[in-house]
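J.: Okay, these came from TrEMBL:
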{"type": "DOMAIN", "residues": "1-343", "note": "domain 'Major facilitator superfamily (MFS) profile'"}
{"type": "TRANSMEM", "residues": "62-85", "note": "transmembrane segment"}
{"type": "TRANSMEM", "residues": "91-109", "note": "transmembrane segment"}
{"type": "TRANSMEM", "residues": "174-195", "note": "transmembrane segment"}
{"type": "TRANSMEM", "residues": "201-222", "note": "transmembrane segment"}
{"type": "TRANSMEM", "residues": "229-248", "note": "transmembrane segment"}
{"type": "TRANSMEM", "residues": "254-277", "note": "transmembrane segment"}
{"type": "TRANSMEM", "residues": "289-309", "note": "transmembrane segment"}
{"type": "TRANSMEM", "residues": "315-338", "note": "transmembrane segment"}
Amino acid sequence: MSVITLYVAMPGCWISHRLFSTWAFWLAPSPLAMQQTGVFGKGTWMTCYVIVTEIVGSDQRIVGIVIQIFFTLGIMILPGIAYLIPTWQGIQLAISLPNFLFLLYYWVVPESPRWLLTRKKGEKALKIMHDIAKHNGKYLSPHYSEITVSNMEVTNPSFLDLVRTPRMRRNTLILMYAWFTSALIYQGLVMRLGIVGGNLYLDFFISGAVELPAALLILITIDRIGRRLPFAISNIVAGIACLITAFLPEDIPWLKTTVATLGRLGITIAFEIVYLVNSELYPTTLRNFGVSLCSSLCDLGGIIAPFLLFRLAAIWLELPLIIFSVLAAVCGILVLLLPETKGISLPETVEDVEQLSGHYGKCWKKRKHQNTNSYI
């Protein structure tokens with residue numbers, strides 16, 4: 001299957017997940033529904049992104065950002081559904097059914113050749129790469145026929161694999177903090193709409209629409225200036241915007257709303273980039289596990305967000321924004337310690353990650369240049 005197939009197939013997962021999660025938190029107070037959302041939605045969400053990252057070439061990994069535009073469309077649809085359907089039972093049904101659409105075409109999505117190689121399934125991986133090349137009107141380079149499967153025993157990844165070596169440990173801890181911060185601030189700013197007054201449906205729609213230019217800004221900058229700088233700047237902008245919003249007077253609501261929207265824009269950019277960077281900084285053998293584990297801090301941030309927001313807002317309405325600003329600023333500084341991954345091939349082993357981190361990708365890029373995914 002070609003990259004075009006992924007453009008068609010993966011957005012269904014993302015829209016379904018988004019319809020299945022965000023508004024359910026607000027309007028469907030069913031413990032079973034929330035549990036199912038966490039169990040099934042999260043797995044679909046993360047697996048889609050990892051497959052996309054692994055199956056395209058190093059110069060096409062921004063496809064992951066394109067997919068997140070459909071994530072935004074899901075958010076923008078939510079308030080319309082909530083407005084038209086008066087009961088939470090009806091809303092829960094409406095936002096759950098789209099998940100079943102993926103069952104109609106899941107078989108179209110190919111398995112990741114990288115993952116198959118780590119599972120000693122070289123022939124199947126080679127067949128998928130031939131199919132990808134064929135559908136893209138290209139021929140598979142001769143050196144791919146020389147793929148050999150390692151004799152190393154296949155083992156299941158563990159958390160220790162992510163922290164055993166120095167640079168893997170540094171990357172893991174920073175990414176965990178970035179996931180936690182992004183989710184807490186993102187969810188906190190969304191939920192803040194419910195306590196500041198105004199039209200909840202309209203405000204929710206506008207806050208979702210802000211994410212469209214966020215994706216556009218990423219697409220424009222990420223392959224020109226790299227990942228780290230936009231990642232850091234977006235966090236810092238979000239932090240500054242939250243801090244300014246907290247001290248703006250209530251009698252100029254248009255300015256307060258504008259600055260708060262800028263904060264939402266910044267944290268959305270950071271949230272979208274952390275997906276890409278996280279998947280690029282782990283080797284194939286640990287990628288799905290590592291992204292899933294790091295993103296579990298996203299869940300923790302989402303759990304803490306309502307308690308932090310409503311408890312602190314009871315003391316002072318703008319106090320949560322102060323906390324958000326500090327967390328975002330610290331994250332902006334920390335992500336500068338991560339290696340740049342622009343234009344490099346995905347690492348295959350932990351040793352590759354250590355070498356990549358040690359030389360900020362220069363040596364790794366040069367050594368792997370000939371092995372880029374030329375079949376895409």
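Using the three backbone atoms N, Cα and C, a Cβ is placed for every residue, glycine included.
Looking at the shown structure, what environment does each listed feature sit in?
T.: Mean pLDDT, taken over the domain 'Major facilitator superfamily (MFS) profile' (1-343), works out to 80 on the 0 to 100 scale.
Listed as Cβ neighbours of the transmembrane segment (174-195) (distance under 8 Å, sequence separation of 6 or more from its ends, same chain) are residues 22, 26, 203-204, 207, 231, 235, 238, 242, 260, 263-264, 267-268, 270-271, 274, 277-278, 281, 294-302, 304-306, 308-310, 313, 317, 320, 324, 327-328, 330-331, 334-335, 337-338.
When Cβ-Cβ distances below 8 Å are used as the criterion, the transmembrane segment (201-222) is approached by residues 62, 65-66, 68-69, 71-72, 75-76, 78-80, 82-83, 189-190, 193, 230, 261, 264-265, 268-269, 272-273, 276, 342 of the same chain, each at least six residues removed from its ends.
The list of residues near the transmembrane segment (289-309) in space but at least 6 beyond its ends in sequence, with Cβ under 8 angstroms from a Cβ of it, reads 38, 42, 46, 49-50, 157, 159, 161-162, 172, 175-177, 179-185, 187-188, 191-192, 195, 275, 278-279, 282, 320, 323.
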